[in-house]
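Working notes for the structure below.
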Amino acid sequence: MAKQIKFSDDARKSMVEGINKLSDTVKVTLGPKGRNVVLDKEYGAPLITNDGVSIAREIELEDEYENMGAQLVKEVATKTNDVAGDGTTTATLLAQAIIREGLKNLAAGANPIVLQKGIKKAVEKSVEAIKARSHSVTTKEEIANVGSVSAADETIGKLIAEAMEKVGNNGVITVEESKSMGTTLNVVEGMEFDRGYVSPYMVSDSDKMVAAMEDPFILVTDRKITNIQDILPLLEQVVQQGKPLFIIAEDVEGEALATLVLNKIRGTFNCVAVKAPGFGDRRKEMLEDICILTGAQLITEDLGIELKDASFDMLGRARKVNVSKDKTTIVDGNGDQSKIEERINQIQNRIPETDSEYDREKLQERLAKLSGGVAVIEVGAATETELKERKLRIEDALAATRAAVEEGIVAGGGTILLDIIEEVEKLVDDVEGDEKTGVKIILKALEEPVKQIAINAGIDGSVIVENVKNKDKGIGFDAYKGEYVDMLKAGIVDPTKVTLSALQNAASVASLLLTTEAAVVTIKKDEPAMPQPGPGAYM
């Protein structure tokens with residue numbers, strides 16, 4: 001395929017066009033008075049949202065160079081969303097500001113590599129300063145504040161805080177669509193793990209692609225099931241009981257899988273199988289957790305039990321099991337409560353003894369799954385369009401709240417970025433030339449979030465920025481009420497993790513674009529139109 005190449009300013013200008021188109025679309029959603037964006041969908045109703053990453057993902061531009069720029073900024077939003085779950089609009093806005101200021105200086109003859117060095121130093125200093133001003137989240141009220149600011153809805157913040165109070169900060173919280181108009185919180189004892197059905201033919205709801213089982217028997221083994229004869233005696237006994245069977249195994253394949261699927265399709269019996277969660281030794285421990293929770297016996301050759309020798313009383317029970325393509329939730333297992341508590345104590349005792357951060361994290365995960373249960377936020381609305389928009393906001397708010405619990409909070413509304421300007425300015429005297437210019441680019445970009453929040457509220461952004469800079473640290477502009485307040489006391493806060501991710505990802509992609517000297521795209525060939533059939537062609 002032939003390629004087209006553009007160089008230096010020509011290449012950068014074309015890409016910046018795309019960056020501006022994407023960023024200008026996303027930044028109108030920032031702040032308490034931010035607007036929504038309507039996204040056309042190929043099927044169904046349009047989606048109305050103020051979620052930065054959802055908007056960015058939808059944007060594809062016709063011009064290849066513009067699209068290349070848009071995709072780079074889309075990467076900023078996506079990466080920030082993956083790491084922190086929120087802050088995507090701020091990240092996009094910061095990237096646009098750094099690129100805009102950087103290009104002005106490149107046009108004036110600045111060296112892009114030295115400029116990049118200055119940007120990097122300023123970001124490192126900013127990260128240090130933000131971390132120093134971070135406050136840990138301890139109370140239910142603080143957790144509610146984070147959720148309220150993220151979702152721009154106080155009731156959502158309170159709902160998330162309540163969910164975290166009931167299942168613990170590391171507990172499993174899911175967001176689902178409700179059949180009613182209201183948004184409610186339900187807490188059920190249960191366990192969730194990241195494994196889905198081994199065959200899509202096992203689903204019970206083909207629209208949502210989920211398999212739901214009421215009151216199933218549960219078979220747990222660390223072996224691979226390939227021969228149906230190994231589990232036939234158990235299957236027959238389960239069928240006689242008229243209940244579904246849920247299988248957790250290393251894998252289910254070959255003849256065994258074909259037989260289970262065929263019988264499911266014919267309606268002979270309902271069976272869903274998933275692969276065992278985890279790997280290596282951790283897998284065995286997780287299977288033991290599931291057994292204790294459901295009252296099952298782990299069928300493993302390590303204990304001298306083979307699949308064909310397994311008896312009916314080795315099966316566990318649960319009130320409900322839901323399986324999607326990548327997730328399984330076991331609700332209300334039939335395990336002995338004293339054994340569950342004993343297992344919880346074992347895991348709690350192991351956490352302080354573990355040196356590895358990763359192992360500690362996994363132990364805490366297991367602990368949450370055994371002790372916390374599952375909190376389900378059921379989202380209701382008058383129309384499907386409103387429901388989707390509300391669900392997205394709650395998912396963002398939940399991610400922001402988790403990030404706040406993990407790494408703390410800072411003054412919200414972009415205030416923290418203005419508060420650290422004084423400290424970052426100290427770098428200006430330590431560097432010179434284009435490196436100094438790089439530092440100044442970040443100083444200018446740090447003003448953007450406050451400015452844009454004010455603009456979206458219909459106020460002159462530059463005036464607000466200067467006013468906040470002249471006030472005490474922590475005093476920011478509440479765009480909703482139109483007054484200056486102590487942001488932490490007013491409950492207008494942002495998770496530290498979200499702010500850091502937004503700044504770091506924006507600077508990373510922006511500085512790479514500034515060092516770009518050529519852009520290469522594929523030349524699209526115009527496909528010839530299909531020839532029209534002549535007379536009598538269909539006779």
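Cβ coordinates come from backbone N, Cα and C, glycine included.
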>> Of the residues Asp313, Asp326, Asp332, Asp494, only one is listed by Swiss-Prot in the ATP site with Thr29, Leu30, Gly31, Pro32, Asp86, Gly87, Thr88, Thr89, Thr90, Gly413. Which is it?
In response: Asp494
> If you skip the near sequence neighbours and keep only those at least six away, which residues in the chain come within under 8 angstroms of Asp86 (ATP binding site), Cβ to Cβ?
Replying inline: Thr80, Ser150, Asp396, Ala397, Ala399, Ala400, Ala403, Pro495, Val498
> DSSP three-state call for Asp494 (ATP binding site): helix, strand or coil?
Replying inline: strand
>> Cβ neighbours within 10 Å, counted over all protein chains: which one of the binding-site residues Thr29, Thr90 has the most?
In response: Thr90
>> With the ATP site defined by the record as Thr29, Leu30, Gly31, Pro32, Asp86, Gly87, Thr88, Thr89, Thr90, Gly413, Asp494, how many Å span the farthest pair of C-alpha atoms?
In response: 16
